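Q: One structure, pasted below without further comment.
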Amino acid sequence: MPARRDLVDFRNSWPVDPKTGQHYPPPDYFKNSDKNNQSLEEDGGGLSRYETVDSIDKYFPRVELTEIETNEDHVLGSTNLLDKDGNIRLIPTPTPDPRDPMNLPDWRKWFAVGALCLFGSISLAAEIAIAGLTPVFLLEYSGVTNPAEILKHADLKNNPDPTALIPPGASGVSLSQISLLATIPLLSNGFATYLLVPLSTAVGRRPVLILTSTLAWTSGFWAGASTSLYSHIGARVFHGLGSGAVEALIPLIIQDLLFIHQRNKAMAAVFAAQGPMIITFGILGPWIAVHYTWRWLYFITSGFGIVAWILLLVYVPESRKARSKEELAGMKLWDYAPGKSRPDLDYVSYAKRSRWDDVGFLQYGIMWREAGNSMVATVKTIIFPAIIWTTLLQAVTGIIMGATGQVLSFALLGAGIPFELTGLANLSQILSTGLIFLIGGPLADKVNNWITRRRGGIREPENQLPNLVLPIVLIIVGAVIFGVADQYSLHYMVLLTGNFFLGSAPLMMAPIIQNFVIESYPQHAGPVLVNVSTLRVFIGFGFNTVATTWFSQLGPLQFMIDVSLVILLVSTGIPILFIWGKKLRLWTSGKVKKRNAVKASKPWDEYAQ
C-alpha cells in the first residue's frame, strides 16, 4: 500500500542542537509501546504518533512556572490584597460595567461619603444633645413650670442623686420614664434595621435612605411641637426609625461604593464627622434650654436635617449591585491592560451610565427573593462566633457610653458647674474628632497592612482586631477616672477627662468593628450588620433604661468598676478570634474554588541559545 500523503512525519521536527546543526536523537524509549504509542491503523507507511513531553524534558531544562492561582479552597473573607510587586489590589474584583457603582469617579464616591457623613453626624448629634437635657425634662414633666430657674441655681454637690433636683410638692416622674427619651430611639432603631436592610436589598439602598432621612427630620419637628411626655416619646420612636440608616445602611452603601482598602478611612470619616455637630449642639443645647426652650434644639437640628436630605438626593446614587463570591474574594475575572489594576469599561456589552442611574429610583428592578434570602441569612448568622462577640463588645461599651451621656450633666452640677455651661464639656470632641478619624482610619489601615505584609500579602478580617486594643484600654481608664471624680466630687476637669475617653473610644471602635464583620462575611454584609447593630441595641436598651438608676444606687465608682470588668472579660475574644478566627469562618462561611492559571517565567527561546 502506498504511503499516505495526508500524514506528516514529525520525526524531522525534533529540536536541533545549535552546536552541531543536527536533530537531537530520540530517547531510548521512543518506540512502539502500550504506554506511549497510539498506532494510526489507517497508516500504510507505518507512522506512529508519540507523546514526546518526556523527551523534551530530558534534553531541555524544564520551564519554570510561576503559579498565579491554585486549586486550593479559598476561605471567604480572606483575600490576596497585595500583588507580586507589593501593590494593593482592588477588591472586590472591578468589573467592566459602566453602571457598576464602584466604577464611579473617586470624587463622586467621596462626595457621596461626605453627604452620608453630614446625615449621620446630625442624627447622632441630636441623640447626644437630647440626652444632655435629661435634667430639663425631669423637671418639666414633673410639673415644674420654669425649670430654667431651678437649673440656674441647682446645687448637687456631694449628692449625685439626679432626683434631688425635683422640688418638694412637684408631682415627679420616674427617672426611667425620662430616660426613655434617650433610649427609646435605640429600640426603634433596632427594629427599623431588621426591616431596612432587607428592604434595601429588595428595592435598593437609595429609596430606603431617602425615606429614613425624611423620617429623621420630620420627627424632629414633631418632637419640638409635642405637648406631653408621651407625644414626645412617640416622636422619638420615629426619630429612631429615621436614624436607623446610620447603623447599618450607611456602612452598606460604603461597602457598595468603595474597595476594601478604602473602607476604614470612609467609615472613620462618618464617625469623626459627628464631632463638630456634637460640639455645636452639645454646647448650645443646655444654653438654649435655659435661655429659650429645648424645643428650638429640635427645630434647628431638623433644619440641618433638611440640608442633609437634599445632599443625599443629589450626591448618593443607587449602590446596590449583586456580586459573585468570586468577585468578593478578589479573583481576576477579566483581562486587564498592562500596567492597569482594573479592566477598561465595556460600552459594547454593557449599557452606558445615564443621569437616571445617578439620581433615579428602582432603576435596577425589585428583588424580593434576594430580600427573603437576606432575612434568612440574618437568622443564620446570629450564631456566628464573630457576630456574637462583636455584639457583646459593642453592647457593653454602648451601655457605659449611654449611661455617661445621661448622668454627665448631673455630675457637672455636682461639681458646681451651672447647667447652662454643662454643654462646654463637649469641647473635648474637638480633639476626639481627629483621634477617631486617625485611629479608626489611617492608623487602622497601617496596622492592617503591616500584618497583611507579614502574612505574605493575605488580608484576613482578623487583621482588624489589634486596632481594638487601644480603644478598649481608653474605655476602662476613662470609666475609672469618671467614677472616682464623680464619687468624690473632684475637680470638673478630672471628670471631663474621663468623659473624653468614654465618649471617644467607642466611636474609634465602631468603624473597625463594622469593617471587621463585613470583611468576615462579605456575602452576608447586610445580615451581619443587622445583627451587630440591632442585637447591640436591644441589649443596650434594657440596660440603658435603668443605667441611671443603677448609677444612683451603686454609686458612680462601683458602677464604672463593674462595667469595666465586663468589658475586660469580653475583650478576651480578641486573641481568640485573631488566632482561630479563620478556622471559624471556614466552618461558618464556606469556600470559593480558585481557578488555575500559570505563566512561564522564562520564554522558550532562552533555552535554545
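Keep in mind that glycine also has a Cβ here, set from the backbone N, Cα and C atoms.
From TrEMBL, for reference:
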| type | residues | note |
| --- | --- | --- |
| REGION | 1-47 | region 'Disordered' |
| TRANSMEM | 110-133 | transmembrane segment |
| DOMAIN | 128-583 | domain 'Major facilitator superfamily (MFS) profile' |
| TRANSMEM | 178-196 | transmembrane segment |
| TRANSMEM | 208-225 | transmembrane segment |
| TRANSMEM | 237-254 | transmembrane segment |
| TRANSMEM | 266-290 | transmembrane segment |
| TRANSMEM | 296-316 | transmembrane segment |
| TRANSMEM | 382-403 | transmembrane segment |
| TRANSMEM | 423-444 | transmembrane segment |
| TRANSMEM | 465-484 | transmembrane segment |
| TRANSMEM | 490-513 | transmembrane segment |
| TRANSMEM | 525-547 | transmembrane segment |
| TRANSMEM | 559-581 | transmembrane segment |
Q: Given a Cβ distance threshold of under 8 angstroms, which distant residues of the chain, six or more beyond its ends, lie next to the transmembrane segment (237-254)?
A: 112-113, 116, 119-120, 123-124, 126-127, 184-193, 196-197, 200, 205, 208-209, 212-220, 222-223, 263, 266-267, 270, 316, 319, 514, 518, 525-526, 529-530, 533-534, 537
Q: Determine which residues of the chain contact the transmembrane segment (525-547) at the Cβ level, with the cut-off under 8 Å and only residues 6 or more beyond its ends counted.
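A: Non-local partners: 176, 179-180, 182-184, 186-187, 189-191, 193-194, 197-198, 200-201, 247-248, 251-252, 255, 374-375, 377-378, 380-382, 384, 387, 390-392, 394-395, 398-399, 402-403, 406, 513-514, 517-518.
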Q: When you check the transmembrane segment (382-403) against the transmembrane segment (490-513), do you get at least 3 Cβ pairs under 8 Å, counting only pairs 6 or more apart in sequence?
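A: Contact criterion met.
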Q: Which sequence positions outside the transmembrane segment (110-133), separated from its termini by at least 6 residues, show Cβ-Cβ distances below 8 Å to it?
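A: For the transmembrane segment (110-133), the sequence-distant neighbours (Cβ-Cβ under 8 Å, at least 6 residues beyond its ends) are 181-182, 185, 213, 216, 220, 236, 239, 242-243, 245-246, 250, 253-254, 257-258, 266, 269-271, 273-278, 280-282, 284-286, 289, 294, 297-298, 301, 304-305, 307-309, 311-312, 314-317, 402, 405-406, 408-409, 422-423, 426.
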Q: If I take every residue in the domain 'Major facilitator superfamily (MFS) profile' (128-583) and average their pLDDT values, what number comes out?
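A: Taking every residue in the domain 'Major facilitator superfamily (MFS) profile' (128-583) and averaging pLDDT yields 84.
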Q: Quickly jot the same-chain residues contacting the transmembrane segment (490-513) by Cβ under 8 Å, restricted to those at least six beyond its ends, or write none.
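A: Beyond its ends, the transmembrane segment (490-513) has Cβ neighbours at 264, 267-268, 270-272, 274, 390, 393-394, 397-398, 400-401, 404-405, 408, 411-412, 415-417, 425, 428-429, 431-432, 435-436, 439-441, 444, 464, 467-468, 470-472, 474-475, 477-484, 532.
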Q: Quickly jot the same-chain residues contacting the transmembrane segment (465-484) by Cβ under 8 Å, restricted to those at least six beyond its ends, or write none.
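A: That would be 393, 397, 400, 404, 411, 439-440, 443-444, 447-448, 451, 490, 494-495, 497-502, 504-506, 508-509, 512-513, 516, 556-561, 563-564, 567-568, 571, 574, 577-578, 581.
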Q: May I ask whether the transmembrane segment (178-196) has at least three C-beta pairs under 8 Å with the transmembrane segment (423-444), counting pairs 6 or more apart in sequence?
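A: Result for the transmembrane segment (423-444) with the transmembrane segment (178-196) is no.
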Q: Go through the chain and flag residues at least 6 beyond the ends of the transmembrane segment (296-316) whose CB is under 8 A from any CB in it; none is fine as an answer.
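A: Same-chain contacts beyond the flanks: 108, 111-112, 114-116, 118-119, 122-123, 125-126, 129-130, 133, 206, 209-210, 213-214, 216-218, 220-221, 223-224, 253, 277, 281, 284-285, 288-289, 359.
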Q: Under an 8 Å Cβ to Cβ limit, what residues of the same chain, 6 or more beyond the ends of the transmembrane segment (208-225), are close to it?
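A: Distant contacts of the transmembrane segment (208-225): 119, 122-123, 126, 192, 196, 199-200, 231-232, 234-236, 238-239, 241-245, 249, 253, 295-299, 301-303, 305-306, 308-309, 312-313, 316.
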Q: Are there residues at least 6 beyond the ends of the transmembrane segment (178-196) whose Cβ is under 8 Å from a Cβ of it, and what are they?
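A: Contacts with the transmembrane segment (178-196): 127, 130-131, 134, 137-138, 141, 208, 212, 232-233, 236-241, 243-245, 247-249, 378, 402, 405-406, 529-530, 533-535, 537-538, 540-541, 544-548.
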